[in-house]
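To start, the structure itself, in structure tokens.
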Amino acid sequence: MHYVVAGGGTGGHIYPAVAIAERLLDKGTVTMLARSGSMEEHVFLAQGLDVQTIRSAPLLYTPRSLWRLARATRSGVRAARRVMMDAHVDAFIGTGGYVSVPGIVAAQMSGVPVYLLEQNTVMGRANRLFSHRARHVFLGFPVAGASGSRFTVTGNPLRRRVYTALTEYRLAKPLRRGLLFIGGSGGASFVNELFLRTIRELDSRGREVSVTVVTGIDDYARICDAVNGLFLRHVNPVVVSYEEHMERLYEQARVAVTRGGALALTELAIGGIYAVVIPYPFAVGRHQSKNATYLESLGLGMRIEQQSLLFDRYLSIVEKALDDEAGTALPASSIFGRDAGDTIVRTIEEECSHD
Ligand SMILES: CC(=O)N[C@H]1[C@@H](OP(=O)(O)OP(=O)(O)OC[C@H]2O[C@@H](n3ccc(=O)[nH]c3=O)[C@H](O)[C@@H]2O)O[C@H](CO)[C@@H](O)[C@@H]1O
């Protein structure tokens, strides 16, 4: 069997593509589509995956960007079609980001079945445009209005080493006491500021705790300088710009303060780490808020909107969660209790073997 996989732009699209590709490699060969010089190309190559570069452009509604979009998509579709015609391709899998669009169009033109992943509680733009043409749409969270036999709530697929490590950590939870701040794959200055204020306050309260922040590359130097200027006696702060092995940070954490990205929330839920979620206020369709609300409904975290955040109330939620020895427990038959990557790949394999 031969599969083509595309997903790019940010970690929330790239890592699910890697997770699916890793498992598809047990069944056959896999070609990844990526933009030249992009984050997805870098990550796919680092994972030892076979990469073909294509062009694509974001869907923006200005006359100039529409022209760019048309040209890039035409070129991207041509390149993706060449990949699909050179080898017999059994399925195309798109995990979002605009790099997946030329792959979807090329697959349809070549008669290759299309599978899509929607990571969030709200359907993204590309998936809304193309889901009716997909053979199957896998959902990382329940999505309102996405019903019918083509849609399956599988949960979000995690890379194997991350999934295995997180499942083990959940069982070892009482040993972990740390606090982790995550702003998503690009970092978030609001979360970084909150980290600074939180460590100052926790230190003044005499709390002995290790607090790690993943700042994102752009804000790293500023946050390091700010931390170096503090005199802390109780809190041990750790500042990281980007972590290739997030499971190592999750291993230490009992509680995380985080944006509401679908993959971060999935990882925290599976790892048994309580999530204090401050959704990005401008996310399309407020999907981060809705992701957070879903987690909250399962008792796995708490949503606090950035606009209405009251620091004292926020800190008391964080402290209560840090003191909670019992921690979170996954509800029976929760989507976080099974390996979504395996479910997705099994479905693709079964459906394609009947073709
Ligand atoms: C601002 C915005 O619109 N962000 C979207 C983007 O988020 P974004 O890509 O930031 O966030 P996610 O939380 O979904 O995924 C981040 C992924 O990157 C990994 N990671 C992160 C930091 C790091 O240092 N190292 C690392 O490996 C995490 O472990 C995770 O696997 O795509 C997600 C999935 O569609 C959406 O839910 C988010 O709303």
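Yeah, the Cβs are placed from backbone N, Cα and C, and that goes for glycine too.
Unlike curated entries, TrEMBL annotations are predicted automatically.
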Which of GLN252, GLN288, GLN306 belongs with THR10, GLY11, GLY12, ASN120, ARG159, SER185 in the UDP-N-acetyl-alpha-D-glucosamine site listed by TrEMBL: GLN288
Most distant Cα pair in Å, residues THR10, GLY11, GLY12, ASN120, ARG159, SER185, GLN288 binding UDP-N-acetyl-alpha-D-glucosamine: 22
Fewest other C-beta atoms within 10 angstroms, as judged across THR10, ASN120, SER185, GLN288, which are the binding-site residues: THR10
Helix, strand and coil totals (DSSP H, G, I; E, B; other) for the domain 'Glycosyl transferase family 28 C-terminal' (179-312): 59 helix, 29 strand, 46 coil
Where the C-beta lies under 6 angstroms from ligand 1, the matching binding-site residues among THR10, GLY11, ARG159, GLN288: THR10, GLY11, GLN288
